[in-house]
Amino acid sequence: MHVKTVLILLVLALATIFALVCVLLTRGRAQHLPQHQPPQQEDTDDGQSLVFADLTPEEMVQVVRYLQGNLGVQLVDASRAKPSDNCIASVDVQVPAKAEVLRFLDGGGARPAREALAVVYFGNQADPNVTEYVVGPLPTPVYHRDVTVQKYGGKVPYHRRPVTGKEYVDINTLIQRELRKAPRFLATCCESDGTDLAILTTAPRGFKSGDRMTWFVLFHNVAGIGYYLSPVGLEVLVDHRDLRVSRWRLRHVFYNGQYFASTEDLEHAFVMNLLEVVKIKKPQAEVVLGSMRPRHPPGSPGPLQYEPQGPRYSVRDNRVTFQGWSITFGMNPNSGPRLFDIRYRGERIAYELSLQEALALYGSNCPGGMLTRYLDGSFGIGRFAYELVRGLDCPYMATYVDQHYLAESDTPKTNQNSLCIFEHDAALPLRRHFSDSQSFYYGGLRKNTLVIRAISTLINYDYIWDFMFHGSGAVEVRVHATGYISSSFLSSQGTNYGNRVGPHTLGTMHLHHIHYKVDLDVDGQLNYLETQDMGYELVKDPWSLQNTIERLYLRRERLEREDEAAFPLNSPMPRYLSFASPKPNKWGHPRSYRIQITSFAGEHLPLSSPMERSISWGRYQLAVTRRKEEEPTSTSIYNQNDPWTPTVAFADFIDNETITNEDLVAWISVGFLHVPHAEDVPNTVTVGNSIGFFLRPYNYFDEDPSVDSPDSVYFSSEQDAGACGANPLACLPSTAACAPQLPPFCYGGF
């Protein structure tokens, strides 16, 4: 055979081998299985994390069947239940008591019984109420017990129940019937017969306990475009308290600054020329305000993040491990993401880290806007965390996990690919130094972070929930706000409450307040709270006594009681605040984790407000309390519809108990004031709209734990920095030369 031919065949063979290597390196990621295990990382969990696991669809079905057969009443599927029916509103996991869990995880005790928490609406009885049952053991239940009084100190009145989808459907039917009584007005003002108008709920629903009257704001609705920027100026107040839908009534109508008793009165005022009508053309899809459709053809692809040799983290069931980190994750259908048993290098840092509530409080000169205080947990932060878009919501090659829930239906539902996990290269050193003195060298470490992310769409807003785990042992919690702003119809003096963002659209000002629970266990359960800050002391100069200097010194203080550890919103707080262990590190300092908050919160609702107690967690940027099983959450889904007599009032948690060497919980509020502006159209951008907090080791270790990272880089002037053996960055041209084999894009979120 000709030598040239042989060489050509050899080159082709090498190219084929190289291509096969690339395929093999990336093939596992292309399939995107929810469980994978890097060979270099041993997982010894043995299923212990399942003690926190969300319910499976099969377990939910078993709970529903058990309740249907054992409550002794007729249960109607919640998706079609009337207020006068009995129905199962939701089923979620009942997380066992902490003491039981720790005996199992740490003490070799028995695995706690697996149980569910079922919420049942009893509308078809003499005393309508909401009852909560613990049902177990799973997977085959044989018992249930009523825990309502134990949790809340009494029955939950029926009017506090969240509004169901069926209730909204019936309300919309009522509104459509009433709109038909004002045909000439609608045709003139909005080029509409009412059937093409969207309605947006507000909350709370009245002014006192027992009320269930809701203002609904009407918008032009164009398919494929957020209607939230197209108000028509019409708002209606619906009284839907009665258990009989036939008795619901429209109580007030608002249009362009005027109030009417009914749509008939509105029509009459229009016919008699007693009404100033602002004529709004029906928007066209191609020019409507707020369209997100691309205006230009796609350009060249942007940078792509991928793992050249597969993921360096492991996901097994509900647990992820990464370079010393171990985290158990889940999703509460109401309050959203929740993490448990967070460990670093085998030591538990936090027992629980969970979202509690998201408040959006609005201002406007229209009734719907001026009244609104959305408590998103009552709508369902977790259940409305929909499928994530690969390559945009999360990196293309992230691991995507399905979440299951049962709410307002007897059938479980799945939000597929609704939580993502990935390693993120921040394109920033975690630490570095270039030495140009005495000797020449460079040392550094990339800032690579494990991220757990979910995104909730709550009507108009989208919240991006991030939990990030750093190589330094720090935990970062962050939320970004995006989506559509809510708006009011622009009328006189409207700009006292926001900015004009369209021909007839007022972007209404509002506050975002987010609340988290952080159950830190720093080197054990028993911790105390220590603060540190700076001060100046005037001293004589030791070497020049005729002069003085202002010397910086460190002020340390141990906070002994809960009242001392409750820091009001926007008030000065010590710059260093740490959960400390009685045990010292190598240098004699208490092993501690520091809480560092990044927030730009607006003002809290005045204490004189009759509904303030329902969101009293918002009084504090940070409050530290003793952990109690009877205080599992800072709020309740029932607070939204009865904020005047809250089912859970966080302010009651703070009763000046001692917090020295106790099991403690940090309750953290973050937020920002948002005054919408032109650049919020079509959507609010995430830039500048992120808030959160850090949990940072503070003398917890004897040195920065990232020194043990295999990603560390060091080379000196005496080495060849381009040699793979001296510098791992020099290995990249060969070890990361394969382009990833991307899985095909698909999306089933609709």
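Just so it is clear, glycine is given a Cβ too, placed from its N, Cα and C backbone atoms.
Per TrEMBL, these features apply:
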ACT_SITE  Asp376  active site, proton acceptor
ACT_SITE  Tyr461  active site, schiff-base intermediate with substrate
DOMAIN    73-143  domain 'Copper amine oxidase N2-terminal'
DOMAIN    161-257  domain 'Copper amine oxidase N3-terminal'
DOMAIN    305-706  domain 'Copper amine oxidase catalytic'
MOD_RES   Tyr461  2',4',5'-topaquinone
REGION    291-310  region 'Disordered'
What is the separation, in Å, between the Cα atoms of Asp376 (active site, proton acceptor) and Tyr461 (active site, schiff-base intermediate with substrate)?
10
Kindly report the helix/strand/coil residue split of the domain 'Copper amine oxidase N2-terminal' (73-143) according to DSSP, in that order.
9 helix, 26 strand, 36 coil
Listed in sequence order, the residues of the same chain lying six or more positions from Tyr461 (active site, schiff-base intermediate with substrate) whose CB sits under 8 Å from its CB are Ala360, Ala481, Thr482, Gly483, Tyr484, Ser486, Thr684
Within 10 Å of the Cβ of Asp376 (active site, proton acceptor), how many other Cβ atoms can be counted across all chains shown?
24
Across the domain 'Copper amine oxidase N3-terminal' (161-257), DSSP yields 29 helix, 29 strand, 39 coil
When the region 'Disordered' (291-310) is classified with DSSP, how many of its residues are helical, how many are strand and how many are coil?
0 helix, 0 strand, 20 coil
